[in-house]
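According to TrEMBL, the domain 'Amino acid transporter transmembrane' annotation covers 84-427. Residues annotated as region 'Disordered' in TrEMBL: 1-24. Taken from TrEMBL, the feature transmembrane segment applies to 65-89, 95-122, 143-169, 189-210, 217-240, 260-280, 292-314, 334-358, 379-395, 401-419, 482-504.
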Amino acid sequence: MFFFRRQNVKPAPRPSRAPSFALPKRRPPVQLTPSHQHDQLPFLSRTRFSALPHFRAYEDEPENLSLFIAILYVVDLFGIFPFVTLPAMLVKLGYFGVLLVLSIIFLQIYTSFLLSQCWTMAEHLDPSILQKRNYPYAALAELAYGPYVSLLVSVLLDLSIFAMAVPSVVMAAENLEAVVLRMSSGHYNFSYCYWAIIVGLVICPLMWLGSPKHMRGLAIIAVCVMILIVALLWFCLFAAPAIGTPFEGISLELPGFLTVLNSYSILAFQFDIHPVLLTLQIDMKRKSQVSWAATIGIAITCSVAIFGSIIAAYKFGSMIANNLLQSLPTSVPYYVMLILMSLQLCFSVTVASSAMFLQIENYFKLPESLSFKRMAIRSTVLALEVLVAEFVPSFDALMDVVGGTITGPLVFILPPLLYRRIRRMERVHQRIAAEASYGSLPLDLNYDPVELEMEPLLVAAKPNSPRGCWLRLVRLLHRLDCDISCTMGVLLFGILATFLSTYLNLFSLPSLFTNNSPCLSNWTSKP
């Protein structure tokens with residue numbers, strides 16, 4: 001039997017009798033996950049195709065986000081802008097303003113659902129899209145329409161996030177300046193220009209964090225601060241003396257067209273979640289729940305903001321200022337609220353900027369771990385935001401331009417376009433997969449898996465029960481392709497609103513630069 005003996009085989013090690021603390025510690029095994037680097041579908045453009053997935057090693061990563069934490073992120077992302085600017089807007093629009101706000105919010109929720117469905121379908125069509133998790137919005141555009149549209153989406157996304165951070169820095173600096181000015185009764189004023197630099201220094205170390213799953217503690221603290229802000233704001237509103245009669249100056253007449261268009265731009269700016277939505281979806285445990293997180297977060301923020309707006313309209317009527325904080329009397333809770341608002345704005349900028357930084361770091365091929373290059377890039381971008389904030393006259397100066405021209409396409413145009421295109425690609429893939437599976441057998445091209453799955457459910461449910469009525473309604477909507485029809489309506493609305501807002505902004509840009517900021521006027525007035 002020695003002929004069949006295997007050579008160069010080491011004998012098994014004998015078990016050691018030494019105590020456990022004397023034995024060398026074993027390293028944990030490296031976990032392997034499929035990367036699907038070249039695993040693409042047959043009808044997609046590719047250079048190589050492999051039936052076996054490639055594996056890559058990764059270290060222990062933070063646990064993915066739950067639905068509750070995702071809701072906290074959405075609430076923190078909106079910040080305090082709806083609480084401060086929405087009351088004056090509703091007073092200008094009258095009772096029509098509530099309808100406009102609810103309509104814009106409903107469209108925001110609907111398009112966020114479309115965008116999340118696009119990523120879900122894209123993962124089934126092309127699993128290699130997971131390798132592009134640092135720029136998911138641009139990856140969807142590349143899958144659907146090619147690299148040129150992907151580049152356009154990347155530019156719009158970065159401009160939107162960058163421009164959204166500037167008003168937050170401006171408002172945080174204005175609040176801190178107001179605290180010092182009012183507490184000293186106007187005798188001492190620490191300039192807004194220096195407060196903007198201090199706010200940037202506070203945000204800087206927070207910016208060094210990675211994706212949203214690394215900011216779980218930050219989101220919890222930010223929402224706790226938000227709860228305190230809402231409680232103090234309502235206390236100040238109830239304690240403030242009323243001016244005139246309740247709801248004075250609010251009419252039932254329809255507002256002017258320019259007022260409605262301006263309000264649309266501000267609402268699109270304030271309730272925008274789409275730049276961070278896909279990044280949040282990728283970091284969640286159950287990616288299908290991101291639409292619920294967006295819906296619940298928007299509903300919470302909108303409910304609190306509308307309730308506060310009703311109280312403000314009851315107290316001040318048409319005398320309310322564009323910034324609600326300027327209409328409130330000074331008190332100790334008022335000062336505490338202003339400081340907490342500045343802190344919460346720092347948290348909101350950090351969460352909102354994560355998608356932009358991940359895309360920039362992917363361009364420079366930086367690792368996901370903390371490094372000096374990441375700190376340098378993020379600090380440089382933040383310095384540019386603070387520099388722009390020094391030249392902006394007020395926090396609401398950029399809302400019209402950003403909301404109507406930049407945010408509008410990302411919210412109301414691109415999600416319907418991507419959904420319609422990827423949905424068509426999914427149907428083509430299903431047909432090709434069926435033909436490849438059955439070969440030359442005759443196929444029923446009208447085969448619909450949704451209809452097949454709903455038949456037993458309809459048979460089991462009672463005809464007049466709520467479940468039976470709901471199932472029949474869902475089947476009817478599916479047969480009518482209502483999702484495609486609704487996307488076309490939202491797409492037309494987005495194109496029209498973006499065109500009109502951009503046309504209006506072309507005439508408002510000169511006034512934006514005419515009203516110089518205090519920092520610019522101080523520097524130019526010096527000899």
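The backbone N, Cα and C atoms fix where each Cβ goes, glycine too.
Predicted automatically and left uncurated, TrEMBL annotations should be read as such.
For the transmembrane segment (482-504), the partner stretch with the highest count of Cβ pairs under 8 angstroms, out of 65-89, 143-169, 189-210, 260-280, 379-395, is 260-280. Ranked by number of Cβ pairs under 8 Å to the transmembrane segment (260-280), the listed stretches 189-210, 292-314, 379-395, 401-419 are led by 401-419. Counting C-beta pairs under 8 angstroms (sequence separation of 6 or more), the transmembrane segment (401-419) reaches the transmembrane segment (143-169) with 3 or more such pairs. Of the Cβ pairs linking the transmembrane segment (217-240) with the transmembrane segment (65-89) and spaced 6 or more residues apart, 3 or more are under 8 Å, so the two regions touch.
Most Cβ pairs under 8 A with the transmembrane segment (65-89) among the ranges 143-169, 189-210, 292-314, 334-358, 379-395 are made by 292-314.
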